[in-house]
Amino acid sequence: MKLHEYQGKEILRQFGVNVQDGKVARTPDEVRQIAREYGQPVVVKAQVHVGGRGKAGGVKFSPTEDKAFENGEKILGMDIKGLTVNKVLVTKAVDIDAGTEYYVGMIVDRNVQSFTLMASAEGGMEIEEVAAATPEKIIKHRVDPVTGLRPYEAREVAIRAGFKGNLNKIADMMVKMSEAALKRDAVLVEINPLFVGPDGVPLALDTKFEIDDNAMYRHQDLADWRELEAEHPLEIEASKYGFAYVKLDGNVGVLGNGAGIVMTSLDVVNRAGAKPANFLDIGGGAKAEVVYNAVKLVSKDSDVKAIFINIFGGITRADEVAKGVIQALKDGILTKPVRMRIAGTAEDEAKALLAEVNSPLIQMYPTMFEAADEAAKEANAAEAK
């Protein structure tokens, strides 16, 4: 379950993390009232479960209460990547130029089967951009879920990342953040930026917090926080089909069988010069109907300009995959180019079925690299028109 910024901050506050003051507003008048209470410049921030709020105009500095009201009018009701803004967080403004911005986060790292603490001096930026351009600037440290993050480990990470200020207090914040992640069964916690002012004291200005859906039965006190209307409609629809689906910001729809192969597919799409629009795992042993529904789901995404299907058939039969894709084409659901790599069980039967259809929309390639390259070309060409 994804949490709003203000909810993530509330959890971190419960664990002793120093977070930026803020209150939630649902009307422009409430925005004005909060700004008046604070008696200083504020920032009005859209509360939606997607990234890129600032670039979309959903985060605005407001030097006066009248400007806060005006910005509240602009942001409330705004559409950001398909989600309507129904509430905003009004926070006290901070003079960013007077200090330094850092990044700290905790993720579930399946490669090492544990949590990984991440820290970077490149705060205030999307961490994915930092990872792509300068991965050496992200310091990673495995966290034992039994013992948790120890203070000396946190200080060591802060030093390696090049953090300045009161390192003991920064390390203490990292320890408390990791404690929140572990005790709340989080799959992701980020503080970005973590602001360190002239006094050296760290302050969490923005947060991301996502709790493992499979662990929500242990956190019934947070059940009321889930807002289906605040989640992406495609993610809600995917949950009805039982798909493991995550909406991303790219232009190539990605579909595969198994989390590992789908993660690899995302990397291959990036390598090909495009960006994945989603993560979609159809699971093992998927029949034609499952594939049909998966293609239907991805095709509904207006961001998707081409679809990359990457299947290695074991218990998933390649001919069942082909049947599902072909049926979607026949029903008029599939209107975007599909570039496929299918190997394994019933591979020859799948090739025969697709050859019989002989549609330019559906093309097979011998390797996933070739299929991803072609999908990327199709998607980028469509966007360039």
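Heads up, the Cβ atoms here are built off N, Cα and C, so glycines get one too.
Taken residue by residue with DSSP, Val94 (ATP binding site) is part of neither helix nor strand, so it is coil. Counting only residues at least six positions away in the same chain, the Cβ atoms of Gln20, Phe195, Gly197, Leu203, Leu205 sit under 8 Å from the Cβ of Val94 (ATP binding site). Taken from Swiss-Prot, the feature ATP binding site applies to Lys45, Gly52, Arg53, Gly54, Val94, Glu101, supported by sequence analysis.
What Swiss-Prot lists as Mg(2+) binding site is Asn192, Asp206, and the listing cites sequence analysis. The Cβ of Asp206 (Mg(2+) binding site) has 25 other Cβ atoms within 10 Å, all protein chains considered. In the three-state DSSP classification, Asp206 (Mg(2+) binding site) falls within coil.
For Asn257, Gly314, Ile315, Thr316, the entry in Swiss-Prot reads substrate binding site, with the evidence type sequence analysis. Secondary structure at Gly314 (substrate binding site), as computed by DSSP, is coil.
Here Swiss-Prot flags 9-237 as domain 'ATP-grasp', drawing on sequence analysis.
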Rounded inter-Cα distance in Å - Ile315 (substrate binding site), Gly52 (ATP binding site): 39
Shell list (substrate; ref centroid = CB of Asn257, Gly314, Ile315, Thr316; cutoff 8 A): Gly258, Gly284, Gly285, Ala286, Ile311, Phe312, Gly313, Arg317, Gly344, Thr345
Intrachain C-beta neighbours of Gly52 (ATP binding site), sequence separation six or more, cut-off 8 angstroms: Ile80, Lys81, Asp249
Those binding-site residues listed as Lys45, Arg53, and which of them has the most Cβ atoms within 10 Å of its own Cβ: Lys45
DSSP-derived class (H/G/I helix, E/B strand, else coil) of Asn257 (substrate binding site): coil
